[in-house]
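Enquirer: Next up is a structure, given as structure tokens.
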Amino acid sequence: MEYENKLVLAPMVRVGTLPFRLLAADYGADITYAEEIIDHKIIKCERIVNDYIKSTDFVEKGTDNVVFRTCNEEKGRVVFQMGTSDAVRALKAAQLVCKDVAAVDINMGCPKSFSVSGGMGAALLTKPDLIHDILTTLRRNIDTPVTCKIRLLKSSQDTVELARRIEKTGVSALAVHGRQVADRPRDPAKWNEIADVVSALTIPVIANGDVFEYDDIQRIKVATGASSVMVARGALWNASIFSPNVEAHWEDVKKEYVRKSILWDNDVKSTKHTLKEMIMHYSCLEFPEGKAIIKSQNLADLAKVYGDEEYYESVRAYRIALDRHA
């Protein structure tokens with residue numbers, strides 16, 4: 001995995017599933033992070049090759065719950081992002097997935113209570129010894145590249161000191177979200193403080209924050225000197241942000257996402273969440289489309305919303321035929 005001059009899809013909970021990662025890759029994303037998955041959850045899974053949709057699934061034992069799904073098409077670029085607060089547990093989780101992904105990333109920036117309350121995400125930012133323990137344990141025991149993603153600390157000097165300590169663990173790259181834990185999405189990202197980290201390190205730094213259109217990619221690279229650029233909300237609203245040639249209309253991107261969700265049998269709750277996030281940015285859920293999505297119970301219902309019943313039935317017929325010949 002190379003980290004120089006790359007366009008990167010950020011990890012987004014309930015969004016960064018296989019269909020959305022492949023959608024972003026189709027538009028030009030070089031590296032695609034999966035949504036954060038907690039170590040406790042992945043170590044309860046077993047690896048299953050899904051012959052019907054040609055995917056590799058990590059399924060919670062004793063259930064049909066697919067915790068993580070990937071496929072050969074993304075093997076060279078998908079990053080498994082983990083929430084953890086324990087080195088031994090992190091290693092156990094990483095060993096389960098590392099052969100099927102391009103890199104393993106430790107989340108050190110999520111400010112949400114479900115993550116912080118368990119000592120994960122942004123809670124790690126104040127525990128440099130634990131950070132060192134987790135990262136060095138992974139680096140010594142798996143061949144897959146290891147990275148992490150952090151937020152800014154209260155001072156730029158503090159952030160730089162932490163980044164230097166992280167670099168010493170031997171990680172392949174560091175992603176920096178240009179906001180502090182207490183900052184809200186509406187607060188401007190501090191690109192200048194990302195630049196301070198870049199100038200202090202020799203490993204690639206991936207800059208993240210306030211990239212909402214393709215031109216912002218070059219702007220943040222110039223402002224920070226970062227090796228690569230990570231995009232979150234800008235990609236969620238329109239995944240064609242990664243394309244230097246053409247910005248597709250968000251309606252077309254949305255329909256392509258629905259098709260990919262059908263093709264890869266994505267969890268309907270995840271698909272609905274992502275569609276609602278797209279719609280709320282441009283429109284309103286109170287319109288007929290939004291109401292129809294909210295009422296949808298399955299992917300077949302969503303196919304009807306977007307006039308794609310024929311596509312849904314063709315995928316279904318293909319799988320039935322495969323099942324008969326199995």
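Using the three backbone atoms N, Cα and C, a Cβ is placed for every residue, glycine included.
Here's the feature list from TrEMBL:
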- 9-282: domain 'DUS-like FMN-binding' (DOMAIN)
- P11, M12, V13, Q81, K149, H177, A232, R233: FMN binding site (BINDING)
- C110: active site, proton donor (ACT_SITE)
Enquirer: Would you measure the largest Cα separation among P11, M12, V13, Q81, K149, H177, A232, R233 for the FMN site and round it to whole Å?
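Expert: Those residues reach a largest Cα separation of 17 Å.
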Enquirer: How big is the Cα-to-Cα gap, in Å, between R233 (FMN binding site) and C110 (active site, proton donor)?
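Expert: About 15 Å separate the Cα atoms of these two residues.
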Enquirer: What whole-number Å value do you get for the CA-CA distance of K149 (FMN binding site) and C110 (active site, proton donor)?
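Expert: One finds 9 Å between the Cα atoms of these residues.
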Enquirer: Within 10 Å of each Cβ, count the other Cβ atoms, then let me know which of the binding-site residues H177, R233 comes out lowest.
Expert: R233
Enquirer: Return the average pLDDT for the domain 'DUS-like FMN-binding' (9-282) as a whole number.
Expert: 96
Enquirer: Can you tell me the CA-to-CA distance separating H177 (FMN binding site) and the residue listed as 'active site, proton donor', as a whole number of Å?
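Expert: Checking the Cα atoms of H177 (FMN binding site) and the residue listed as 'active site, proton donor' gives a distance of 10 Å.
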Enquirer: At the Cα level, what's the spacing in Å between Q81 (FMN binding site) and the residue listed as 'active site, proton donor', rounded?
Expert: 11
Enquirer: Within 10 Å of each Cβ, count the other Cβ atoms, then let me know which of the recorded positions M12, V13, C110, A232 comes out lowest.
Expert: V13
Enquirer: Under 8 Å between C-beta atoms and at least six apart in sequence, can you list the same-chain neighbours of P11 (FMN binding site), or say none if there are none?
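Expert: Long-range Cβ contacts: Y33, A34, E35, E36, V79, Q81, D105, N107, K149.
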Enquirer: Take the C-alpha atoms of the residue listed as 'active site, proton donor' and A232 (FMN binding site) and report the distance between them in angstrom, rounded.
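Expert: Pair distance, Cα basis, whole Å: 13 Å.
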